[in-house]
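Here the structure comes first, spelled out in structure tokens, and everything after it is commentary.
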Amino acid sequence: MSAEDLEAQEDELLALASIYDADEFRKAESVQGGETRIYLDLPQNFKIFVSGNSNESLQNSGFEYTICFLPPLVLNFELPPDYPSSSPPSFTLSGKWLSPTQLSALCKHLDNLWEEHRGRVVLFAWMQFLKEETLTYLNIVSPFELKMGSQKKVQRRATAQASSSTELGVGGAAAADVDQEETVDERAVQDVESLSSLIQEILDFNQARQTKCFNSKLFLCSICFCEKLGSDCMYFLECKHVYCKACLKDYFEIQIKDGQVKCLNCPEPQCPSVATPGQVKELVEADLFARYDRLLLQSTLDLMADVVYCPRPCCQLPVMQEPGGTMAICSSCNFAFCTLCRLTYHGLSPCKVTAEKLIDLRNEYLQADEATKRFLEQRYGKRVIQKALEEMESKDWLEKNSKSCPCCGTPIQKLDGCNKMTCTGCMQYFCWICMGSLSRANPYRHFTDSESPCFNRLFHAVDINGDMWEDEIEEDDDDEDDDDD
């Protein structure tokens, strides 16, 4: 490495660290490289939707979601010794909501930008392009259709390229032929398992970012007329009127102490919005909330005995249940639940007991009379009651259901997705298969290096439904079959 290249690399990394905060840029510790997260600015009222003929697509089709934020594009890069004088940075570009074909188009444009900047540093130009021009370059408009690319197909392509490179050398004729046939760049990674998980991740990320933005803004409370940060405020879900938590706390406490539990409306005159039980619970003391909950339930039952509340924390709207039945369907979120246990409706099967309620159920059963015991056995099932009596506590849960981060030891549970994991404690990347730490500059090299024990196992042991893949991938398979003929 020449002194000029080393100085240019150090200056560029230092400049990026000063321009972007820690959430957007992180320098690798062991190599000249790092990771950038590109958060795109979306137009107002940007909508996403799903369509298709697979079972998973049909379950989500017909719904449009208005969002303000999308998960970031992640650019992992490593600077070679002769950068920027001769060679470009090696990189991978990953994203959850762009298909492999779209990510490949971005990778190709990054290559073109390097050609334009050859001999000069290019990382800032790459980041600016991804942040400001991605939507325009890919012709993405609202409503935007979410798509999935075939990870199995991508893995087969990576295997073919690796074998071709091994036989003829990197850049050989066979490798060049493979590159010409493929439309998906091996540097493009759509790190999401399925459309259903993709939609949920987008909605969760959008809610988290909206909360973060709300908490960082200043709002004028219409009660005390003081400006306060959003983290010290709360807004009513229906009308979006904002008040400071201190004023709402006093307002709620006075109403609850007076028994006016149905009068927790928005303080704005003539506004019909009502605080949710979750909002009330957040502000008032536990004993006062217990009084509120009891009075609210009692007043509701006095007026209409067949009304229950949706158990979802984000909804909690009143729901009518059918006479003589135990099933109720929320008209707002369409959640079907059992009116006894407040969990997903389970038909004639006994109510399930969560781990948190096992101890309470055991104590209640031991202190109950014979009639109450028979009722509990009928509601939860005798087997569940017996299990609650036998189990004193849920020990060894972490050992059976989680693995420890190789860096900080934080217990991590894998729900779904690929085998490239991120520790929620120290943000270290690691492999779920071998539990080895991964490079921040290029965490996917562990799965693409033919010498690695986890080569081509990014989605190992993940149940992937082949019906969800794009028609363009199926057409590629048909073309390959025709070529074989």
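Glycine residues also receive a Cβ, built from the backbone N, Cα and C atoms like all the rest.
Marked as domain 'RWD' by Swiss-Prot: 11-137. Marked as zinc finger by Swiss-Prot on the basis of sequence analysis: 221-271, 290-351, 405-434. Here Swiss-Prot flags Cys310, Cys315, Cys330, Cys333 as Zn(2+) 3 binding site. Taken from Swiss-Prot, the feature Zn(2+) 6 binding site applies to Cys431, Cys434, His446, Cys454.
Cys310 (Zn(2+) 3 binding site) and Cys431 (Zn(2+) 6 binding site) are 39 Å apart (CA-CA, integer value). Taking the Cβ of Cys315 (Zn(2+) 3 binding site) as reference, residues of its chain lying under 8 Å away and at least six apart in sequence are, in sequence order, Cys330, Ser332, Cys333, Phe335. Sorting the zinc finger (405-434) by DSSP state (H, G, I as helix; E, B as strand; all else coil) yields 0 helix, 8 strand, 22 coil. Residue counts for the zinc finger (221-271) under DSSP, helix first, then strand, then coil, are 16 helix, 10 strand, 25 coil. Each residue contributes its Cα atom, and for Cys454 (Zn(2+) 6 binding site) and Cys310 (Zn(2+) 3 binding site) these two points are 45 Å apart. Across the residues of the zinc finger (221-271), the predicted structure has a mean pLDDT of 90. Across the domain 'RWD' (11-137), the DSSP tally of helix, strand and coil residues reads 48 helix, 28 strand, 51 coil. Rounded to a whole value, the Cα-Cα separation of His446 (Zn(2+) 6 binding site) and Cys310 (Zn(2+) 3 binding site) is 45 Å. In this structure, the CA atom of Cys434 (Zn(2+) 6 binding site) is 42 Å away from the CA atom of Cys310 (Zn(2+) 3 binding site).
In sequence order, Gln316, Leu317, Pro318, Val319, Cys330, Ser332, Cys333, Phe335, Phe337 make up the list of same-chain residues 6 or more apart from Cys310 (Zn(2+) 3 binding site) whose Cβ falls under 8 Å from its Cβ. Those residues of the chain, other than Cys310, Cys315, Cys330, Cys333, with a C-beta within 8 angstroms of the mean position of the Zn(2+) 3 site C-beta atoms are Pro311, Arg312, Cys314, Gln316, Leu317, Val319, Ser331, Ser332, Asn334, Phe335.
The residues near the Zn(2+) 6 site, meaning same-chain residues not in Cys431, Cys434, His446, Cys454 whose C-beta sits within 8 angstroms of the mean position of the site's C-beta atoms, are Asn419, Trp432, Ile433, Gly436, Leu438, Phe447, Ser452, Pro453, Arg457, in sequence order. In the three-state DSSP reading, His446 (Zn(2+) 6 binding site) counts as helix. In this structure, of the binding-site residues Cys330, Cys431, Cys434, Cys454, the smallest number of CB atoms within 10 A of the CB marks Cys434.
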